[in-house]
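K.L.:
Below you'll find the structure I mean.
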Amino acid sequence: MRTAYCVETVRAAERELMARLPEGALMQRAAAGLAAVCADVLGRVTGARIVLLVGSGDNGGDALYAGARLARRGAGVRAVLLAPDRAHSAGLAALRAAGGRVAEDPYGALRAADLVLDGITGIGGHGGLRPDAVELVRATLGTDAVMVAVDLPSGVEADTGEVRGEAVRADVTVTFGTYKPGLLIDPARDYAGAVRLVEIGLELPPTADAEALQYRDVAGLLPVPDAESDKYRRGVVGVVAGSARYPGAAVLAVAGALRGGAGAVRYVGPAADAVIARFPETLVHQGPPGKAGRVQSWVVGPGLGDSGRDFLDEVIAEDVPVLVDADGLRLLDAARVRSRTAPTLLTPHAGEAAALLGVAREQVEAARLASVRALAEKYGATVLLKGSTTLVVGPHPESPVRVNPTGTPWLATAGSGDVLSGLAGALLAAGLEPLDAASVAAYLHGLAARHASRGAPVIASEVAAALPAAWRDIRDVLRD
Ligand SMILES: NC(=O)C1=CN([C@@H]2O[C@H](COP(=O)(O)OP(=O)(O)OC[C@H]3O[C@@H](n4cnc5c(N)ncnc54)[C@H](O)[C@@H]3O)[C@@H](O)[C@H]2O)[C@@H](O)CC1
Ligand SMILES: Nc1ncnc2c1ncn2[C@@H]1O[C@H](COP(=O)(O)OP(=O)(O)O)[C@@H](O)[C@H]1O
Ligand SMILES: [K+]
């Protein structure tokens, strides 16, 4: 599991560690790691032209000490001090002693730089870059310099991934001790470039603030049948989806559920002919969902249109996990969801989330973490917010947010969300907790899209068809 911790926790761990180490040792560890990454990026340090953008805090101190190390290895290092009287004095002295200098012509230095170290702000930064910093950062655009952010790209919010103004767009971010949530969550994640973690020995609490599943975690969660299995034990998924207008949504949700390892899929709705034509394995049912037979989870909503309210109400009343997506979300009553005893999983995209919260879509995009948490609280449910970094949170406000690392923009194609619903429904039916079902589904879905796409446009039915390949990939790590 890749974990990320908020600033408050990082600071507490730093204080505890600093109390046990000689003064300045922690910053030296950070600077050594930072200089090593810079050397790696540069290939050749001798003769390289490096500019340090130095703010008034310890983030600038890291940059100065790393600059000193690189200067000792033969780089030409120039520091641009944003607040000269408040720059880290010991760091500045170390840089000078190593042959580095304060830049006399900052813009000229930036134009000629091979590498720029962004040490303007780290975890102490709030709000976007200030005007003097904006001007300097802009001067680096259009040059060939590699931008390496120290700890975080300056201008992004460490705890939430929000970007409230201008921020540094880094090629590489070298972060210390632990990832911060903003390095995993968009829009900030997009500013960070490739993230390199430098261990500095922090001891962090067992529960993280944000976490991203990795191959091995997903492999351990995938339900795999054994000799005792039958189709009911593997999980039967009921799908209530599609309409005369959108029969395809039903087909795609069923595809996701079948490829997600359901023992059986029951379909209820007006698109039975289309579903059977594509997937003869489906058990179609003509009456209402309550009479469809045994089901271990329901997926309701994709392509349902406005006429699905009765079916939705019936499904919500069932005492099994229910996933609500798309049109189902619009028809959903928060009080009824909150009163359910079995789990509920909601899977909105930003537009749907905005409608449910009564805010503009842009507001959800800008504050994805706050939005998904607000929805989970409003509905007392697990919520998966789709998008460039899909987020999943459980109903408990203290539980870590899961961030899916596998997505690809090629997934932004009609119907791919329907596949995801069916897939997550199958994992719920197999008995996974909603947080796991949702985050494993998002992981497989993204991986399947990468398999199907390999850099070219992909359509939703191909994402469903590539799920077995993604599944096999993940299971393969258990053989290592
Ligand atoms: N505390 C420690 O032991 C360690 C800290 N480290 C570094 O220290 C950093 C945190 O240092 P600080 O707490 O000094 O905080 P920062 O260096 O992140 O920033 C604080 C300073 O920036 C100013 N500032 C805040 N927002 C700003 C904005 N939007 N534009 C311009 N200036 C702004 C503040 O007035 C303050 O002076 C970490 O991110 C990391 O880089 C590392 O050296 C590892 C060890
Ligand atoms: N820019 C992006 N990067 C990665 N994944 C994305 C991006 N945009 C959308 N997605 C993913 O594509 C899927 C689209 O689902 P959705 O919006 O419900 O579409 P539809 O309703 O057409 O099925 C979701 O899994 C979402 O996370
Ligand atoms: K920085």
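Glycine is no exception: its Cβ is also placed from the backbone N, Cα and C atoms.
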K.L.:
For the K(+) site that TrEMBL assigns to ASN59, ASP118, which of SER89, SER154 is also named?
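P.N.:
Looking at SER89, SER154, the one TrEMBL places in the K(+) site next to ASN59, ASP118 is SER154.
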K.L.:
Of the candidates GLY358, GLY417, GLY422, which does TrEMBL annotate as part of the AMP site that also includes LYS386, GLY387, SER388, THR389, THR390?
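P.N.:
For AMP, TrEMBL names LYS386, GLY387, SER388, THR389, THR390; of GLY358, GLY417, GLY422, the listed one is GLY417.
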K.L.:
With the cut-off set at 10 Å between Cβ atoms, which of these binding-site residues ends up with the most neighbours? Options: HIS126, HIS349, LYS386.
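P.N.:
Per the Cβ count, the most surrounded site is LYS386.
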K.L.:
According to DSSP, does GLY61 ((6S)-NADPHX binding site) fall in a helix, a strand, or coil?
P.N.:
helix
K.L.:
What other residues of the same chain, not counting LYS386, GLY387, SER388, THR389, THR390, GLY417, have a CB atom within 8 A of the CB centroid of the AMP site?
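P.N.:
Going along the sequence, the neighbours appear as HIS349, ALA350, LEU385, LEU391, ASN404, GLY407, LEU411, ALA442.
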K.L.:
Please work out the number of neighbouring Cβ atoms within 10 Å of the Cβ of GLY387 (AMP binding site), leaving out its own Cβ.
P.N.:
20
K.L.:
What is the separation, in Å, between the Cα atoms of THR389 (AMP binding site) and ILE123 ((6S)-NADPHX binding site)?
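P.N.:
Cα of THR389 (AMP binding site) to Cα of ILE123 ((6S)-NADPHX binding site) measures 22 Å after rounding.
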